[in-house]
Amino acid sequence: MKLGKVELCHFLQLIALFLCFSGMSQAELPRSRSKPYFQSGRSRTKRSWVWNQFFVLEEYMGSDPLYVGKLHSDVDKGDGSIKYILSGEGASSIFIIDENTGDIHATKRLDREEQAYYTLRAQALDRLTNKPVEPESEFVIKIQDINDNEPKFLDGPYTAGVPEMSPVGTSVVQVTATDADDPTYGNSARVVYSILQGQPYFSVEPKTGVIKTALPNMDREAKDQYLLVIQAKDMVGQNGGLSGTTSVTVTLTDVNDNPPRFPRRSYQYNVPESLPVASVVARIKAADADIGVNAEMEYKIVDGDGLGIFKISADKDTQEGIITIQKELDFEAKTSYTLRIEAANRDADPRFLSLGPFSDTTTVKIIVEDVDEPPVFSSPLYPMEVSEATQVGHIIGTVAAHDPDSSNSPVRYSIDRNTDLERYFNIDANSGVITTAKSLDRETNAVHNITVLAMESQNPSQVGRGYVAITILDINDNAPEFAMDYETTVCENAQPGQVIQKISAVDKDEPSNGHQFYFSLTTDMTNNHNFSLKDNKDNTASILTRRNGFRRQEQSVYYLPIFIVDSGSPSLSSTNTLTIRVCDCDADGIAQTCNAEAYVLPAGLSTGALIAILACVLTLLVLILLIVTMRRRKKEPLIFDEERDIRENIVRYDDEGGGEEDTEAFDMAALRNLNAIRDSKTRRDVTPEIQFLSRPTFKNIPDNVIFREFIWERLKEADVDPGAPPYDSLQTYAFEGNGSVAESLSSLDSISSNSDQNYDYLSDWGPRFKRLAEMYGNGQESLYS
């Protein structure tokens with residue numbers, strides 16, 4: 001705990017000592033009677049012992065132990081036969097007792113804020129027997145408070161807000177300080193508040209700590225934040241009291257007390273007449289000293305000749321007024337516009353209307369600049385009609401365009417061929433007259449939508465576009481025909497007058513009054529005895545049987561020509577043939593079998609199925625023939641077949657581990673071939689002139705001579721060979737010797753050459769060389785057998 005001033009502490013200590021000594025009078029000591037005490041079966045007279053009511057001053061800093069009080073028993077005659085002991089809270093550690101006199105002292109500095117009192121127990125013992133002479137009694141040592149704690153603001157520093165323009169006495173915030181001293185003892189914990197910084201704008205209530213405004217109409221736009229320092233002092237603010245301070249930041253919140261104002265009374269902007277609709281012309285902004293919702297604006301055009309041409313709206317983020325175009329501008333029609341624009345706060349505060357008006361106006365002049373515009377057509381769409389029977393070169397209609405600029409340049413016309421790929425139409429470049437360029441067919445394309453281009457003669461880059469919709473009028477140029485391919489059947493047991501088919505017709509033409517078709521049989525079929533036709537007068541006709549009993553064996557198919565006439569002018573007609581098949585039907589008249597050949601084919605297979613089966617058989621035969629041919633080719637001998645190679649065999653293994661074994665054997669006798677040593681190596685960069693040379697037989701020579709000569713010859717070849725590897729590279733050489741009777745296989749001539757060498761001895765080498773003997777011996781004819 002913090003201590004007060006040194007002088008105050010010394011003064012309080014003297015007072016406490018005076019109180020303690022004055023309380024030691026025996027007449028003032030309270031008595032405590034103990035219960036009767038019995039020992040050895042004999043009653044003992046009841047004794048009593050007394051002690052002070054103890055108080056200890058906190059924060060004692062003296063060098064000697066602080067005297068607390070004195071314990072005394074009635075049985076104590078002062079002869080030293082009684083000793084006193086102390087137990088309980090702080091006994092021996094904080095409080096000690098003189099066992100002879102009963103004086104209690106405090107050995108440590110005490111702090112009431114840590115512990116306000118201590119509960120202890122006193123005991124008087126006979127010094128000789130060490131037995132109690134009085135019952136144990138409990139007492140309390142209370143710590144007396146001193147003003148050693150200053151007030152503290154536990155929630156500081158504070159921040160608060162108050163609306164600007166608030167009246168005097170408006171509550172801002174309440175601050176609270178706490179004092180750890182004893183509130184029930186003196187004025188150590190009684191706090192009062194005062195303001196050290198922030199006057200004359202704010203004040204604080206001394207007892208409650210409520211901060212209030214002290215000046216009226218504080219303006220946020222002038223100063224929006226204040227820093228206050230508040231003091232809390234104990235001892236009711238008297239001299240010698242302890243104090244603590246905290247800071248309070250007060251922010252003035254905004255109210256709508258400032259009207260909007262345009263920084264300029266007039267504005268002027270230039271825009272080209274080609275500016276598209278909805279484009280931004282300009283942005284203007286009225287200034288408002290307020291912030292947030294109090295600065296939100298609404299703009300509107302209140303007057304001027306641009307009403308309906310322009311509009312203005314507010315940008316919610318920037319609070320600017322955005323002027324945009326509503327209709328196209330035309331320099332030739334009007335060169336300038338004047339707008340009267342008003343800006344007003346969206347939400348006005350009724351308390352401050354006297355500071356208004358909360359709106360302002362300005363003038364905006366918009367100058368329209370002339371630009372070179374493309375030609376303009378007199379109509380956005382030209383509908384035209386033409387008959388499909390119209391001849392080439394017929395005039396369909398005319399389009400017209402003009403230059404809207406003051407120069408009024410001549411206009412030339414053309415057709416955008418991307419909209420007329422077939423080039424059905426032409427247009428006169430000067431007059432805009434559209435004519436047909438090809439014969440038209442409504443059934444192919446009933447409507448042609450083409451784009452006409454109009455460009456200035458003096459500036460071809462200025463192009464206007466007009467749209468023409470040409471509708472092709474229909475003429476009766478298509479004959480009627482069956483509406484579908486009919487599959488008509490008649491049962492063998494059909495009765496006369498039975499309807500076997502109902503037919504209808506279609507026509508690609510589209511007459512204005514709709515189609516009307518007339519059906520009849522052709523002249524040569526009018527008197528046939530099998531079928532008749534009935535026109536139903538509703539663009540349909542019915543086919544009926546004339547006799548009963550049809551037999552597939554006699555005739556399985558009937559062809560009935562039908563004559564159809566339309567109602568066009570002139571009318572067109574066509575003859576369509578209806579195919580009627582005779583079928584075997586069940587009791588319900590449902591056809592079961594309609595083909596006479598079904599009685600002939602045993603398995604009921606159609607012609608298509610037979611063709612498919614035949615194709616499969618042929619495919620199998622071709623595959624079998626191909627396999628046989630490939631096998632026969634594989635039996636032909638190959639000169640370089642691995643089984644017929646008489647070189648030394650190379651045995652390869654794929655085993656891993658155990659070191660490396662070189663199994664590629666070679667015949668050392670081959671090194672004895674002197675010819676291999678003496679012959680120069682074939683140059684890689686020179687084309688050989690002779691493809692084959694027979695090798696003569698050489699006699700045997702010593703091995704050391706063979707190796708020396710072989711290495712010497714190969715060294716000279718490597719020195720003069722332009723294609724040889726680098727100098728420090730590894731050279732590998734091998735040649736065939738004369739140890740074999742047949743010499744090297746490389747000396748064998750091709751079977752196609754005219755060699756007369758005799759290889760009959762190959763037959764004596766055994767079964768492994770049988771094939772080689774057949775190839776080069778007398779039996780080589782078998783190679784081609």
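Placement of Cβ uses the backbone N, Cα and C atoms for every residue, glycine included.
Quick look at what Swiss-Prot annotates:
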- 1-27: signal peptide (SIGNAL)
- 28-607: topological domain 'Extracellular' (TOPO_DOM)
- 49-153: domain 'Cadherin 1' (DOMAIN)
- 154-262: domain 'Cadherin 2' (DOMAIN)
- 263-377: domain 'Cadherin 3' (DOMAIN)
- 378-482: domain 'Cadherin 4' (DOMAIN)
- Asn449: N-linked glycosylation site (CARBOHYD)
- 482-599: domain 'Cadherin 5' (DOMAIN)
- Asn530: N-linked glycosylation site (CARBOHYD)
- 608-628: transmembrane segment (TRANSMEM)
- 629-785: topological domain 'Cytoplasmic' (TOPO_DOM)
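Spacing of Asn530 (N-linked glycosylation site) relative to Asn449 (N-linked glycosylation site) is 54 Å (Cα to Cα, whole number). With helix defined as DSSP H, G or I and strand as E or B, the domain 'Cadherin 2' (154-262) counts 3 helix, 45 strand, 61 coil. When secondary structure is read from DSSP and collapsed to three states, Asn530 (N-linked glycosylation site) falls in the coil class. Within 10 Å of the C-beta atom of Asn449 (N-linked glycosylation site) sit 12 other C-beta atoms, taking all shown protein chains into account. Summarising the environment of Asn530 (N-linked glycosylation site), the number of other Cβ atoms within 10 Å of its Cβ, over all protein chains shown, is 14. Sorting each residue of the domain 'Cadherin 1' (49-153) by its DSSP state yields 0 helix, 50 strand, 55 coil. In the three-state DSSP classification, Asn449 (N-linked glycosylation site) falls within a strand.
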